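Taken from Swiss-Prot, the feature active site covers D457, E534, E538. What Swiss-Prot records for Y382, K386, D457, H461, N532, E534, E538 is (1,3-beta-D-glucosyl)n binding site, and it gives similarity to another entry as the kind of evidence. Swiss-Prot lists 38-704 with the feature domain 'GH81'. Annotation comment: Swiss-Prot describes 38-251 as region 'beta-sandwich subdomain'. Per Swiss-Prot, the feature region 'alpha/beta subdomain' maps to 252-342; the stated evidence is sequence analysis. Annotation comment: Swiss-Prot describes 352-704 as region '(alpha/beta)6 barrel subdomain', evidence class sequence analysis. What Swiss-Prot records for 1-34 is signal peptide, and it gives sequence analysis as the kind of evidence.
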Amino acid sequence: MSHASRRRWRRATTSAATAALLCGALLTFPSAPAAAQVRLGSGSYTTVLPPGASGPSDHTGAPVAPKVTADFTQPVVTNDWWSSLIFQRYPGNPYGENLYAHPLSFKAQAHGLEVGYPDTPELVADGLKYQYTHSPDFVLGIHGLNAPAAKVAGYSDWTVTADLSDGTRQLRTTIGQGLPFVYADVSGGPIRVEFTAPPTVWRRSGNAVGVTVNGHHYALFAPSGTTWSESDTVFTADVGGSGYASVALLPSPDDFDRYAPYAYSFVTSTTLTYDYDPASATLTSTYRVTTEAREGTAQGTLLALYPHQWKETTTALTDLSYASPRGPMRVVEGDRFTTELTTHGILPSLPTVDSADHQRLRALIDAELHASDPWKGASDTYWTGKALGRLAQLVPIADSIGYTAGRDALLDLLKNKMEDWLTADGPGDNAQFYYDDQWDTLIGFPASFGSNTELNDHDFHYGYFITAAATIARYDRSWISEERWGPMVTTVLRDANNPDRDDERFPWLRSFSPYAGHGWASGHAGFASGNNQESSSEAMHFAASAALLGSLIGDEELRDLGVYLHTTQASAMRRYWQNADGDAFPAGYSHDVVGMVWSDGGDHRIWWDGTPEELYGINYLPITAGSLYLGHDPEHAAAMHQSLVTRLGRQPQVWRDIHWAHQALSDPDAALAAFEAQWQSYEPESGSSKAHTYQWLSTLAEFGTVDTSVTADTPHYAVFRDGDRRTYVAFNPTGQPLTVTFSDGTTLTVPPGQLATG
């Protein structure tokens, strides 16, 4: 059974305990399309589900609709930390799974919202997984509430408002990542807090109570003029016909008075904005909260930051902190905080060095180009995507060695396949995209890995299509024009990560969780452990492809989206998948790397019964020039490679090319030597080719490792160092000559559409 088959099987069996685009302006997407096909330039998609195909479904295969309230008006979000509230994966569970917002965790139930603080890790599965499991300290509800289901009433960038109603009583709670508060609006009865153990009350201040339960400290705040009635494990506050309350998680009882001023400053919205400044090679991200004072005049709140945020923030930190599966969270005070990251460039390809054997490169390109099936039997969005990516990487190599006929033949292959997929030709079309206006998503058929039924992995799949489109655009700008294939390409891109908040066809950043700093793969998050992300590198591949495409078509919004995603995820990936700072994994966890990040922890396993090489490699592939982030710290890259070798007791034998490419980011000479000894006998990983691996290794053997101490005033550059010698590379996506200035004073003049090296 192939690794794909194993991956598909485990995903399928693991259970849980138009707006048409481009042409300069958006058109109104009809709520009930008059025709099955919606044309965008030369391309089209269908609004009718292909015969025999399935859209979003529950675990039994029955179609499901988003679980939202009657007053919900936003695009439907999937692939987030709270998605099990909106996507009912299991027919017997209308309330959703555990929700890990950090520092708090939650689970909706008929009588209210469970609230807990998972601050103690446990090791499970023979120590392969660490997890901070949700265990409720109390249920926040209304006296007599018996809601048949939980629904989503609204959301913002990292919060969600959950609705529990039974026709007489209604509880709406707003919860969010980094929020130590729970905000509740109630009607139909008294607010009710039922603890899971008798609490210790250490503070009574009329409408506010401080308690400790299960070793965790909370402050309960009801409206002024009300009091809390206490009866063993049940506390109630009569707020009349309707009212509000908040609950705060306190680091210690001594912090009661630091949280009380914000008890009635209810968070109503959260917003992430980012600004990329090429001149300074800086990405500035600002996280804002909007609050409403239910009493008093207080504004802002207290926010707990993940390590990738507080270690890069320019905002003053307090001395308050919490535990989380990502490491210690630090607290800021106010209505916003800002992070700053250095951008280290995204290249479309590496240069080919003169020392490489160009005749061998040509022969290896021909082996791919003239294979009996260059697509290797691919038919669905994932495997077709990987084949597109493999062939796309060969185009600039062929061009760099003067093999123009090979380059053009490869481009023809890419164009024909892309045009087939980007055109919906009716019921018999075996390669097309379908827009689901109920779920606000674009699904490619044939689908795979639950990209249709579970809305999994859209950025993983579609990133390959965007790479192919960017490669074509690099050599044929007319192909990507608004009159031809550009509108359909950018529609595919925007399904996965839409930067335009006014484009109601798709949610903003479906495949990226801005507070978490990375994406979530599962559309429904229907797991007791929350959501998960396995292949961080395929998410990074999408980001790189978006940045390159945006630059090539002159769309700064898409370019900056790609830069934001790539830079932010690189910061999170090294910390949460590879524990680069040493404080993400808990004490006693014996592994150097996890194959998957879960909402509740990390797992040294993957979705199929793979080898150690695959566990490490699924977070490296596909290897492209956008993968240089894996070598931003060559010592850390070397440690990761040695970690795998130590575990194996030998050099990698599976996906050897992926691991040679990764090894080359710290020891390119050794990686090239290994390739030279085995290049005629090894089997390439399905998304890789011998030509690309050889070119990658030979270039890095000459250039050295990535040098992040030097930046440039363009999104598309890299600097390498071999001893005292630096090599500078830049790409010019425009139609005019471009002078790139590096931070050490070096300049490169780059011809239109070309790479330059100095």
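Any Cβ shown, glycine's included, is placed from N, Cα and C.
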Length of the line joining the Cα atoms of N532 ((1,3-beta-D-glucosyl)n binding site) and D457 (active site), in Å
11
In whole Å, note down how far the CA of D457 (active site) lies from the CA of E534 (active site).
10
Pairwise Cα distance for H461 ((1,3-beta-D-glucosyl)n binding site)/E538 (active site) [Å, integer]
8
Roughly how many Å separate the Cα of K386 ((1,3-beta-D-glucosyl)n binding site) from that of E538 (active site), to the nearest whole number?
10
Neighbour tally for K386 ((1,3-beta-D-glucosyl)n binding site), based on other Cβ positions within 10 Å of its Cβ
24
Can you give me the average pLDDT across the region 'alpha/beta subdomain' (252-342), rounded to a whole number?
98
Greatest inter-residue Cα distance in Å for the (1,3-beta-D-glucosyl)n-binding set Y382, K386, D457, H461, N532, E534, E538
22
Taking 10 A as the limit, how many CB atoms besides its own sit near the CB of H461 ((1,3-beta-D-glucosyl)n binding site)?
26
In all the protein chains shown, the tally of other Cβ atoms within 10 Å of the Cβ of E538 (active site) is 28
In Å, rounded, how far does the Cα of D457 (active site) sit from the Cα of E538 (active site)?
9
Which whole-number value in Å describes the distance between the Cα atoms of Y382 ((1,3-beta-D-glucosyl)n binding site) and E538 (active site)?
11
Collapsed DSSP category at Y382 ((1,3-beta-D-glucosyl)n binding site)
helix
